[in-house]
Amino acid sequence: MGQSSDEANAPVAGQFALPLSATFGLGDRVRKKSGAAWQGQVVGWYCTKLTPEGYAVESESHPGSVQIYPVAALERVA
């Protein structure tokens, strides 16, 4: 709130690039290794103090639905 749409959508240089040593790239197909099934395409990444490498995955079965997972929870799909 309080930002113009141009300000809210303006990219900030250097803040939103995938890490150089990223396990997965944007568009890679991945699935959860265990627990509730989730398979889809990597559409983003995140990092926190507890999760230095995490990914946003859009479901193949439910387009538009996105879940976030730490890298350790995911594996590449051929």
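All residue numbers here begin at 1 and follow the chain in the order shown.
For all residues, glycine too, the Cβ spot is worked out from N, Cα and C.
What Swiss-Prot says about this protein:
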| type | residues | note |
| --- | --- | --- |
| BINDING | LYS32, VAL66, GLN67, ILE68, TYR69 | NADP(+) binding site |
| BINDING | ILE68 | substrate binding site |
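For GLN67 (NADP(+) binding site), the same-chain residues lying six or more positions away in sequence with a CB closer than 8 A to its CB are TRP38, ALA56, VAL57, SER59. In sequence order, VAL43, GLY44, ALA56, VAL57, GLU58, SER59 make up the list of same-chain residues 6 or more apart from VAL66 (NADP(+) binding site) whose Cβ falls under 8 Å from its Cβ.
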